[in-house]
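To start, the structure under review is shown below, and the notes come after it.
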Amino acid sequence: MASITQAAKSLLLKEFASAFALSMRQFFAPKATLNYPHEKGPVSPRFRGEHALRRYPNGEERCIACKLCEAICPAQAITIEAGPRRNDGTRRTVRYDIDMVKCIYCGFCQEACPVDAIVEGPNFEFATETREELYYDKDKLLANGDRWEREIARNIAMDAPYR
């Protein structure tokens, strides 16, 4: 009986018909791809892209030179040099470098920072022509923070209930 059923299936091309029907359904379904350079999909608030150093609303940089991000970085991509203590007892960085070639975008630096100074922003389009352009210094990181501050603040606020 099973052999008769199998012969009927192959004679009537049941598998072919079901596969063809599936192909036709997928052919006329809406496309799932985006035309990337011209269309961009949504980015999660937790997306880890290009690094940035943030400032307070009064313009002062947030980094207090605690060096927690440097200590926790598994790739040892962060180098910080702290300046002398100021009159109010706080410190600021003299040098803050990130080697983006070494960085593995794990987000540990962002999680370790007690003042949300170093963040990974929403920018994922930072391809360069030379390797040297991927060595970010403090000025480059602060410029990134200034450029993306609105989006970074929105993403941190959206993620705040889960921290």
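Note: Cβ is positioned from N, Cα and C throughout, glycine not excepted.
What Swiss-Prot records for CYS63, CYS66, CYS69, CYS113 is [4Fe-4S] cluster 1 binding site. The [4Fe-4S] cluster 2 binding site annotation in Swiss-Prot covers CYS73, CYS103, CYS106, CYS109, and the record cites sequence analysis as its basis. The feature domain '4Fe-4S ferredoxin-type 1' is assigned by Swiss-Prot to 53-83. The feature domain '4Fe-4S ferredoxin-type 2' is assigned by Swiss-Prot to 94-123, with sequence analysis given as support.
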Reported as an integer number of Å, what is the Cα distance between CYS103 ([4Fe-4S] cluster 2 binding site) and CYS63 ([4Fe-4S] cluster 1 binding site)? 19
Tertiary contacts of the domain '4Fe-4S ferredoxin-type 2' (94-123) (same chain, 6+ residues out, Cβ under 8 Å): 43, 47-54, 61-64, 66, 68-69, 71-83, 131, 134-138, 141, 144-145, 148, 151-152, 155-156
Averaging the per-residue pLDDT over the domain '4Fe-4S ferredoxin-type 2' (94-123), what integer do you get? 96
Which one is it: of the binding-site residues CYS73, CYS106, CYS109, whose Cα lies the shortest distance from the Cα of CYS63 ([4Fe-4S] cluster 1 binding site)? CYS109
DSSP on CYS106 ([4Fe-4S] cluster 2 binding site), three-state: which is it? coil
CYS113 ([4Fe-4S] cluster 1 binding site) to CYS73 ([4Fe-4S] cluster 2 binding site), Cα to Cα, whole Å, comes out at 11
Distance between CYS69 ([4Fe-4S] cluster 1 binding site) and CYS109 ([4Fe-4S] cluster 2 binding site) at the Cα atoms, whole Å? 4
Considering the binding-site residues CYS63, CYS66, CYS103, CYS113, which residue's Cβ sits among the greatest number of other Cβ atoms within 10 Å? CYS63
Quiz question: given the binding-site residues CYS69, CYS73, CYS106, CYS109, which has the greatest number of C-beta atoms lying within 10 angstroms of its own C-beta? CYS109
Excluding CYS63, CYS66, CYS69, CYS113 themselves, the [4Fe-4S] cluster 1 site's Cβ centre has within 8 Å the residues ILE64, ALA65, LYS67, LEU68, GLU70, ILE80, CYS109, ALA112, PRO114, VAL115, ALA117, ILE118
Apart from CYS73, CYS103, CYS106, CYS109, which residues in this chain have a Cβ no more than 8 Å from the mean position of the Cβ atoms of those residues at the [4Fe-4S] cluster 2 site? CYS69, ILE72, PRO74, ALA75, ALA77, ILE78, ILE104, TYR105, GLY107, PHE108
Given CYS109 ([4Fe-4S] cluster 2 binding site) and CYS66 ([4Fe-4S] cluster 1 binding site), what distance in Å do their CA atoms have, once rounded to a whole number? 12
Using C-alpha atoms only, work out the spacing between CYS106 ([4Fe-4S] cluster 2 binding site) and CYS66 ([4Fe-4S] cluster 1 binding site) and round it to an integer in Å. 19
